[in-house]
Each structure stands twice: as structure tokens, then as C-alpha cells.
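**Q** One structure is given below, represented as C-alpha cells, and several questions about it will come after.
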Amino acid sequence: MAMATNENLPPNVIKQLAKELKNLDESPPEGIQVGVNDDDFSIIYADIEGPAGTPYENGVFRMKLLLSHDFPHSPPKGYFLTRIFHPNIASNGEICVNTLKKDWNPSLGLRHVLTVVRCLLIEPFPESALNEQAGKMLLENYEEYARHARIYTGIHAKPKPKFKTGAISESTTALNVDQSIGDQKSVAVGAVVPLQSPLAPCTTASKGGNSQDQPAAVGPTHETGMSGSVAAPTPSTLKKDVGLAKVQAGKKKMDARKKSLKRL
């Protein structure tokens, strides 16, 4: 996979990110879907649904987070790729929020960052506006601000093509991230379990599918019903053999008597 060429981040950071991305994929935050660039984990994409009760309702806004080489010591840079009318989002899409600036902490994860960005759509901060027109309008005439925001939402924030399902899981699996010992054992067992003989009875497999719990003799069976080489004698054949021996012995005795009578 192209992951081997991912050199924008240190390997330990990539592995940590992969774990977090897998967690976001399996348990996404409300109203947020995450996507990745398989070739470059330093670019994180997210589709954010406009929160209900805001001018951004019914819109889907695509954004990206750019992670620097020294991440997580320095904060990621956030950009909206979908045009939006918002005080804290510049015309080039740059996001101004304290979580990505002075309030950044290396212990903060991507989930926290994405949640904060979505909350920004609910509660803008016009005091630190990157879009001065939107900030001024929000403070002076909310209805006019909301009208502008709804127009932008209706034109630009139409639902996007969804990210490929399972893509994050595929990417993180390529790094053997979060692979449990149990999974490794199951793979190892599966690799050495022999193929069942086509002549073996179908009941040899247990409910759990582990053929190691079954008797070793599952090879082709002979007419006697036993697996392996020579057929073992049954009680009936033993009786026949003994009876045959007795008859032969009786015949010998009779022959000996006849010979002795002739001599007399």
C-alpha cells in the first residue's frame, strides 16, 4: 500500500493517528464523518452536518485539517473547503478558533477538534472574526446575518459524495494498528489447520469451527470403518478362524486313525 511512502509525519505519530482515526470511523461524533488520504495521514478530511436550529441546517460542509511534522506539539490548521458565511471562517476557508491557536494542548485529539469546529457553527465568536462582514452583521442584525448564511448554505453546502465506507479501517489495518493477540492467534490457527478430507464425515467440524478439538483420525476410511492401513479383525471373523482351525485339526486326527487301522 502507499502508506510506506507517508513521510510527512513520524512513524509513532502515524500509528497513534491511525488508532484515533479507526476509533472515529467505528464511533463517529454526532454529525461528523471522517475521511483520510491513504498516501498522507497529515491531511484529515471531515464532512460536518449543519446543526439543527442554525442557518447552516440541512447543509454538509467539507473541511480539512493539516497536521504539521511536529504534530501533536503544534496544533493542526483547519480549513473549510465548502464556502460558508461565518464570522470565524475566512474567505479562503481558514478557521479561527482558540482550540487551534492559543488553547491547543498536545493531549487533545482529533475528535475534540472536530467537535469544537462543529460547535462553532452553533455559537460563532464575532469578537475574533476573520470575516468582518459576517461578524459585524451578526452583532448588529442577526436576521440579516442568518439570511446570508442560509443563502450560502443552500448554494454551496449541498450533500457531498460520501467517503468510501471502510477506507479508514483498510488504511489502519495496513499498519497492523490495534491488532489484538487474539486476532493473531486466530490467524495462526487458521493458517495451519489442515484441509478436511473429502471422504471424512461432515460432522468432524465442531460448532466453533476448530478442527483441532476433533480426533486425529479423519483420513480416508476403508471398508472396515477404521482410518489408516490394515483392517482390524472383528469378533465374528475371529470365531470363524477358530472354528476353521478346529475342523482342520479333526480331519488330521481322522487321517491318522485311518492310517493306523490300515497297518493293523
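From the backbone N, Cα and C atoms, a Cβ is placed for every residue, glycine too.
Automatic, uncurated: that is what TrEMBL annotation is.
According to TrEMBL:
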type	residues	note
ACT_SITE	Cys96	active site, glycyl thioester intermediate
COMPBIAS	203-214	compositional bias 'Polar residues'
COMPBIAS	249-264	compositional bias 'Basic residues'
DOMAIN	12-158	domain 'UBC core'
REGION	203-264	region 'Disordered'
**Q** Run through the Cβ atoms and count how many others sit within 10 Å of the one on the residue listed as 'active site, glycyl thioester intermediate'.
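**A** The answer is 18.
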**Q** Across the domain 'UBC core' (12-158), what are the DSSP residue counts per state (helix, strand, coil)?
**A** 58 helix, 30 strand, 59 coil
